[in-house]
Amino acid sequence: MTTQAPPSNLLPLNPEQLARLQAATTDFTPTQLAWVSGYFWGVLNQQSGAAVAAPAPAAEVPTITLISASQTGNARRVAEALRDDLLAAKLNVKLVNAGDYKFKQIAAEKLLVVVTSTQGEGEPPEEAVALHKFLFSKKAPKLDGTAFAVFGLGDTSYEFFCQSGKDFDNKLAELGAERLLDRVDADVEYQAAAAEWRARVVEALKARAPVAAPAQLATSGAVNDIHTSPYTKEAPLTATLSVNQKITGRNSEKDVRHIEIDLGDSGLRYQPGDALGVWYQNDPQLVKELVELLWLKGDEPVTVEGKTLPLSEALQWHFELTVNTATIVENYATLTRSESLLPLVGDKAQLQQYAAATPIVDMVRFSPAQLDAEALIGLLRPLTPRLYSIASSQAEVESEVHVTVGVVRYEIEGRARAGGASSFLADRVEEDGEVRVFIEHNDNFRLPANPETPVIMIGPGTGIAPFRAFMQQRAADGAQGKNWLFFGNPHFTEDFLYQVEWQSYVKEGLLTRIDLAWSRDQQQKIYVQDKLREQGAELWRWINDGAHIYVCGDANRMAKDVENTLLEVIAEYGAMDAEAADEFLSELRVERRYQRDVY
């Protein structure tokens, strides 16, 4: 339907002004037009002496609070898309990152939507830990006046699939809130499920919340300060790998690479604490092995996202081959009627255990079958990029980005296996070769705004990466705050990552203290948490001086051990019981003085 413009003599604009306005707004979305309407109304009201009649008070429009709890950016993208959908439907919405949400106001929420991922062993994403703890504490209020919906993102290769979403959904209902929609648990291929859920949420909320006037939309705090980049996960930058240097010794059990990527004149920006997303290709030899095991040729046509590709090309570029899941094992067993795998079907624990220990290609080798190409594609998950903590600051390296990559290598019955992305960077991209990358911003792992604030950095293994970026930034800023690094690895002589750089920072006085834990250099294993305990009194003094604490690395063991040790130190030197120590650390987290980048 076309709306006819009124006669020009009835308009308050002359033809030239009208033409300029139409040209300026020709490509605006309905949401942007609504915002502009409210913006001009605000400008008019601010003009001194403007003789404008005050509009009649509008009926109060309830705000939909949309909480984004993201670990790798996917939950944030779903939440942003839902925000745009709600604004397009003229609903009043406020999007807030879980780390910024004042959770004690939750009792006042009328309409609440949570989009959350899960990390580690079923834990909430880092930015949602404080909210999660609050809801599960004795302080959580009754939520009888709240209606809610939850969308969970997860990965079926992990045992506690979408556990954070399940936790929020169950706890909100337990506290008396009304469930608007059944929770959705989405796997790594979440886009279709998210689009369907968003449409249902919009319809459910339209029935609950009246449409807001444009000015009300514009003043509702609807748009959060979310980063935008010229390149994204969906449209990555094709950059150049300029340096691939092994930084562990020849006798090390680990293969760790320092990777430098030239961003050219792309204008791609990042901050210390951000992650680099890397799109990789599977090893052609792995593709060939899998195809041959299934008695296929590799040139069979298959359909991927509406395009027809040869099977081998589809497997190399579009499907996950290095991570098996319980679902894949179960579906393969059912499809092939495998005598060795069928007994696992229905036993979640056994399926999970088998998938964790057996790559897809070895599952096919141990339980051979013949599948057609489309059946194989139907079993597999789409390839997803890997995220690496950035190990550089643009204040020092300008148009480069550095990452520290632990290359995954192991054997299955004498056959060499490797991680998909790590071996791609280490083995298959030549220097000056192309690699597709994007920045995943992480505002939950940031240096203190005040350069005089002390910083405590705890990062064993490749967890050292963001702290290299931190120190480059502190050096460039001339920051006067003290810096203390805890680092650990198996052997001093083989595994001291960036040793010369850390020694230089110590010599210059920028790195105030460094404590090193070498787990295999003596009979008794020593880890970073042991060094924390050993330095407990001094650690407590730094905390009392306002230090910010950062932890980076393994989520499943190290991060938990470090947190337990921090609680012990707080309890002992702060003269607190366990409950008070936990409350103290939670408060540090809320104040952004305890931040973690764990994976």
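Glycine is no exception: its Cβ is also placed from the backbone N, Cα and C atoms.
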- Task: Going by Swiss-Prot, S519, R520, K525, I526, Y527, V528, Q529 bind NADP(+); tell me which of D477, D561, D577 is listed for that site too.
- Result: D561
- Per DSSP, the domain 'Flavodoxin-like' (64-202) contains 58 helix, 31 strand, 50 coil
- binding-site residues: I526, V528 - member with fewest neighbouring CB atoms within 10 Å: I526
- Long-range Cβ environment of Y599 (FAD binding site), under 8 Å and at least 6 residues apart: Q119, L387, G553, D554, A555
- If we check Cα distances from Y388 (FAD binding site), which of the binding-site residues D155, F161, Y527, Q529, D561 wins as closest? D155
- In Å, how long is the longest CA to CA span across S519, R520, K525, I526, Y527, V528, Q529, D561, which the record gives as the NADP(+) binders? 18
